[in-house]
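Chemist: Here it is, the structure in full.
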Amino acid sequence: MFEKPVVKTFQYGNHTVTLETGVMARQATAAVMATMDDTAVFVSVVGKKEAVVGQDFFPLTVNYQERTYAAGKIPGGFFKREGRPSEGETLIARLIDRPIRPLFPDGFTNEVQVIATVVSVNPDVQPDIISMIGTSAALAISGLPFNGPIGAARVGHIDGQLVLNPSEKELKQSRLDLVVAGTDNAVLMVESEAQILTEEEMLAAVVFGHDQQQAVIKAINEFAAEVATPAWEWVAPAENTELKAKVAALAETRLVEAYQITEKMARYDRIHEISAEVTAALLAENEALDTKEIHTIFHDLEKTVVRRSIIAGNPRIDGREKDMVRALDVRTGVLPRTHGSALFTRGETQALVTATLGTQRDAQIIDELTGEKKDHFLLHYNFPPYCVGETGFVGSPKRREIGHGRLAKRGIAAVMPSPEEFPYTVRVVSEITESNGSSSMASVCGSSLALMDAGVPIKASVAGIAMGLVKEENDFVVLSDILGDEDHLGDMDFKVAGTATGVTALQMDIKIEGITKEIMQIALNQAKGARLHILSVMDQAISAARSDISEFAPRIHTMKISVEKIKDVIGKGGAVIRQLTEETGTTIEIEDDGTIKIAATDGDQAKEAIRRIQEITAEVEVGVIYTGKVARLADFGAFVTILPGKDGLVHISQIADKRVEKVSDYLTEGQEVQVKVLEIDRQGRVRLSMKEAVETSDAAAAEVAPQAE
């Protein structure tokens, strides 16, 4: 029934990788089962043979989905099936998309969909790298006009050594988690998080990852040669040179003038005017012309005008030199009731960032294929339409917002205190209120400021900067603090976050080949200069965490009890701890090692909760006099509660120093009495005496009396 499947197996570092096609999804354009040491991802590619007429963009969709059966689990929830993509799935979909998108040719507008499904998971091998390798292999055998294949590698930094594709266990000891993807001669994408490494160490990791992944590219080329799928008969649309010349004649000089306008919205208005005038003039001349084609040519001309000006060494769109950072404005404590807040403005990009402190109970529980984990540091990024002067849908976060939020979080994570140092869950929210490039890096700066304003003891201030590149043949210019237009019209988007001493996050997206190690080195060094400048301005506003947290934030008090006493504090069915939290107005969390964390906005409430827990966990001591409450009467004596949950028996013979006929003649339930602990037997039963408590008290009073005279 099946033709002989094509299987390619190769060694990749410590892992064995297998690529297989020809058995499953034979109606798809291409499909590959990619396996790396029992982690298997099934990748399908479908490309439409016909493009939508008049479409001027490339409709590539990448879906990444994790199936719980891959880890031998059944999904939770009422419906017991997978739902919408998780944040982790969205981030990996972006990771696959970013390096493959620039490898499709300009003018190719056929719809392409990539679906990567995780079908088996080895907990020690993350599925992202093998998903990227599987996607590359599927595209390589699809026949689509794809200028690949790409390789992918994860790089760790352990004990001063670079490690290829570290295991989950190794990653916990690593100072670096870097993913790099590229072709045989170019790096295309970098995504990383680091524990404050130098620029040289980061660059070495990128180069190492790119060198190591050549084994993947070689194997995929051999795999594709064996499959031998015929290439699509796709020809790039012919360039309309006549229309191009007409648009240039009408618009070029005016566009050069328009790009002298430094204010973003005024510049956009002028460019739209020119576009409308050029379109109207050309349609008046020939009604048969395609408006979309005119707009595409006009946009290409814009790109040419800006790039040519930058390469020529002219001032940038907003009048800056290549290595200048826009004007900065830094404010902290801008919102009265939040736990921490900051407003960070860089040129026409602005972020309002808040920090909120919560208890361990507020931590996010993340249910991954490899197991459940808790995240005590959350960072959310919002990009509302008004920040770019537009109207639009406001709802759940889009892929871009999730990606930018994760990048900002990576930038800050290295300086966050450990849960032992600061036992709070921290949520940072960045609201982008204005945007003209590099809003994710503004979020990094604003987050650092808001955390310090909230009193979170972060290790150092963190700033982020976005770099750009314009390259024409052998000439290139690296730009610091790029505008949105420079990002859109340039060849590289290169974001670096870090402290004064090193890098905490690096993200690179490169649209062209030929970005050398030297160019990346120049960009990293230029980024360092810009970062240090921004940090100096931030430090003038706030250079260290405030000595105390906000009066509106919960204060967490920590105490330790014996592990055996945990059950006493919780009580049967949680009755004791529930009563404690309700009556004291606090939040109480108990850990397995006996650590108790009490959170309260009022200090007196916390003190009361601590006092009551100390009472519950206190040990009864022989010879000590306690003030107790009569809990129950019996014919042979009375049971008295001397500590919460601890009763003892006062035998009828120990109630008074004379004969007692009836217990109820001397005691009533609820009565407070003083009792002395006589004995605790092997079974933990407590024997009490009222008469000895009176005798001891009288003796103590007699000793004190002479001194009183």
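Along the chain as shown, the residues are counted starting at 1.
Cβ atoms are placed via backbone N, Cα and C, with glycine included.
Swiss-Prot lists these features:
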- Asp487, Asp493: Mg(2+) binding site (BINDING)
- 554-613: domain 'KH' (DOMAIN)
- 623-691: domain 'S1 motif' (DOMAIN)
Chemist: I want to verify one value. Collapsing DSSP to three states, which class is Asp493 (Mg(2+) binding site)?
Modeler: strand
Chemist: Inside 10 Å of the Cβ of Asp487 (Mg(2+) binding site), count up the other Cβ atoms and send me the figure.
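Modeler: Total other Cβ atoms inside 10 Å, all chains included: 18.
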Chemist: For a quick check of packing: other C-beta atoms within 10 Å of the C-beta of Asp493 (Mg(2+) binding site), how many?
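Modeler: So the Cβ neighbour count for Asp493 (Mg(2+) binding site) comes to 21.
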Chemist: DSSP-wise, what's the residue breakdown of the domain 'KH' (554-613) into helix, strand and coil?
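Modeler: Across the domain 'KH' (554-613), the residues distribute as 32 helix, 16 strand, 12 coil.
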